[in-house]
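For reference, TrEMBL has these:
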type	residues	note
BINDING	Gly70, Val73, Asn77, Ser300, Asn332, Leu444, Ser448	Na(+) binding site
REGION	637-660	region 'Disordered'
TRANSMEM	64-81	transmembrane segment
TRANSMEM	93-115	transmembrane segment
TRANSMEM	136-164	transmembrane segment
TRANSMEM	217-238	transmembrane segment
TRANSMEM	250-277	transmembrane segment
TRANSMEM	297-314	transmembrane segment
TRANSMEM	326-347	transmembrane segment
TRANSMEM	432-453	transmembrane segment
TRANSMEM	474-498	transmembrane segment
TRANSMEM	504-527	transmembrane segment
TRANSMEM	548-571	transmembrane segment
TRANSMEM	591-616	transmembrane segment
Amino acid sequence: MAATKIIDAPRNGHEMAPLNTRARGDGTHGVTIVLTAPQRNSVQSVDIPGNEPERAAWSGKMQFFLSIIGYSVGLGNIWRFPYLCQQNGGGAFLIPFMVMLILEGIPLFLIELGIGQRMRLGALGVWNTIHPWLGGIGISSCIVTLFVALYYNVIITWVFFYLFNSFRYPLPWSSCPLNGTGFELEECAKSSETTYFWYRTTLDAAPSMDEPGGLKWWIVLCLMLSWTIVFFIVMKGIQSSGKVVYFTSLFPYIVLTIFFIRGITLRGAGAGLMHMYTPKVEKLLEPTVWLDAATQVFYSFGLAFGSLIAFGSYNTPKNNCVRDVLLVSVCNAVTAIYASVVIFAILGFKATVNVDRCIASNTEILVKNKLLGLNDTQGYEQAMSLLNGTELTRLQLSECSLAHELDNAAEGTGLAFIVFTQAIVELPGAPFWAVLFFTMLLSLGLGSQIGILEGMLCTLFDIDIIKRVKKQHVTGVVCLFCFIVGFIFCTGAGEYWLKMFDSFAGTIGLVVVALMEMIAVIFIYGHERFTEDIFQMTGYRPGRYWQWTWRYIGPVIMVCILVSSVVFMVIRNPTYGAWNADLGMIEQKSYPNWVMGIALSMILAGVLPMPIVFLMRSFQCLKVDLDIHQGSIRRNETTASTKEMIDNDDDNMSPDMPPQDSLAATRFTIGDFEN
């Protein structure tokens, strides 16, 4: 039988000290309680065969930096930020983006990274340690992270499918397939080659969420491949994932640089960049522009997932986390701007090619109707200006405008799989550029997915029961569960489900978690105490900028994001874009009631653990929580904001009991108070 030893076990913030019976001098028996300072460990008696292994740590500073860069710099930098720039004032959008980065992103970034490094615990352990009533924050964070991990890996699945098809020549989305009579398929002719390949060949899109169709075997196989690769990367924690980040973090920059060099040499690149970055200052007066900037900053950093807390917990206690936060923040912003330059340089080339084709088509019609000479290349503009709207419609002439082409911007999957693929087709050696582009997307997606899963798994391993199971086994179960649930994204309605998850599962829940994190650290743990922690770890004492953003500006911005998200969700009838094969275009449809019920359930699942844990522990609904209060195990250092939270427990304590603000361990026996 294994020997029973007293060891330092991981502290979840609400363990009772062991009750050790020993003989007293008067022949009676008392119970000894040991109360220790608020360390990451508490004393407990367990049966183990050996000593507890030390917490995992980064093998070097570069591994940590690349891991956090790979996590923070994700797909949103490629397909979300350029779209926001174009829609919200061009270059003028950089002003609200930088303001929100300074006032919201960097302060909350330091809170998560700093508190993880200070406590050396995952999200669940950190909030339980600050106060047991706050344990629901870690649970909510883990649930929301699970929802996001489910659909984020589906994007990697689609990237795999496109990557495999990129090795074909010519590219399968470069032309429309033909029917039995030798003509282009009607669905493809009414849309475009890249649109048809995305909605019909890749997704085999269903007409609505009510008619999802069966599983698409090619998507199921790619999804299995995605989760298999993710499992092997994260199965041993940072010991395995830390080696992969050297590729997933650095390779996208190499590809972006290659595309940048090629892009700026293309015809029309300058027009694309001018269209994107020409500042429209009047847009800054619109509140939605500032809201978009704040939302982009929040999601681009990957805040509230618990991943930054986990990454910080693997650092050494004396790591300069302030410097890390500033470096990663600058790198994130610069990458978003750099990627925008690359994207719109190439989209400018695509728009120029489309305009040339449009002019050639119109010229052919004009010549056929004898409105333009056969070799008269100079008279096109004059001939078009002489025609009124009725004649343009009768002759089926198109408007050939570069600005119009550039205004047809897209974001998300539309940009990556439809718009940009069309631009790639126009490049000489198209398969080479396609392989590069989708390998870059794969690297960005895997880098973020590694961070997302690491945050969730680190939270799970704060639970004592799971802590006893090998990490490979827990990771395997999680990946298998996600793969099976992911079948919902492998139907004809897969893209519709992904957009629903993206709109509901990972929005309100994350913002609420981030707001509660800020309140927990700054107002419950105490901003003065957290400032002292930063000073002890880094030698730098956060000044007025940090204090004002932590205590006032940051929470106000988070409340604004939360309120506006809820208001827009209520005012605007939530819709999704369904593919209409007959028209060859997207139709906006309202979500079915049963789907909205699922969406509401996901929102509640990500938010309710916080009030539930708070109420259950404050009213002692669980025996384990009742024991916590009877043992009076609380923070030994409190601030004014935490005093009220524990006053009820203090009223039940004997007046002879020693004060709780001592940093040294205090030993006493319950028998001492029996008289």
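Cβ coordinates are placed from backbone N, Cα and C, and glycine is handled just like the others.
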Which of 136-164, 217-238, 250-277, 297-314, 326-347 contacts the transmembrane segment (591-616) most, counting Cβ pairs under 8 Å: 136-164
Same-chain residues near the transmembrane segment (136-164), Cβ under 8 Å, at least 6 residues beyond its ends: 75, 122-128, 202, 218-219, 222-223, 225-227, 230, 304-307, 413, 417, 421, 434-435, 438-439, 441-442, 445-446, 448-449, 452-453, 455-456, 459-460, 462, 482, 485-486, 489, 494, 497-498, 501-502, 505-506, 509-510, 512-513, 516-517, 520, 602, 605-614
Segment-segment contact (the transmembrane segment (504-527); the transmembrane segment (93-115)) at 3 or more Cβ pairs under 8 Å: yes
Gly70 (Na(+) binding site), number of other Cβ atoms within 10 Å: 27
Environment of Gly70, Val73, Asn77, Ser300, Asn332, Leu444, Ser448, the listed Na(+) site - residues of the same chain whose CB lies within 8 A of the CB centroid: Ile69, Tyr71, Ser72, Gly74, Leu75, Gly76, Gly302, Thr335, Gly447
Long-range environment of the transmembrane segment (297-314) - Cβ separation under 8 angstroms, sequence gap at least 6: 55-58, 64, 67-68, 71-72, 74, 76-77, 80-81, 97, 100-101, 104-105, 108-109, 112-117, 119-123, 126, 138, 141-142, 144-145, 148, 238, 321, 329, 332, 336, 448, 451-452, 454-456, 458-459, 510-511, 513-514, 517, 561
Segment proximity, the transmembrane segment (432-453) to the transmembrane segment (217-238), 3 or more C-beta pairs under 8 Å: yes
Result, the transmembrane segment (64-81) in contact with the transmembrane segment (326-347) (3+ CB pairs under 8 Å): yes
Neighbour tally for Val73 (Na(+) binding site), based on other Cβ positions within 10 Å of its Cβ: 27
Neighbour count (Cβ, 10 Å) for Asn332 (Na(+) binding site): 24
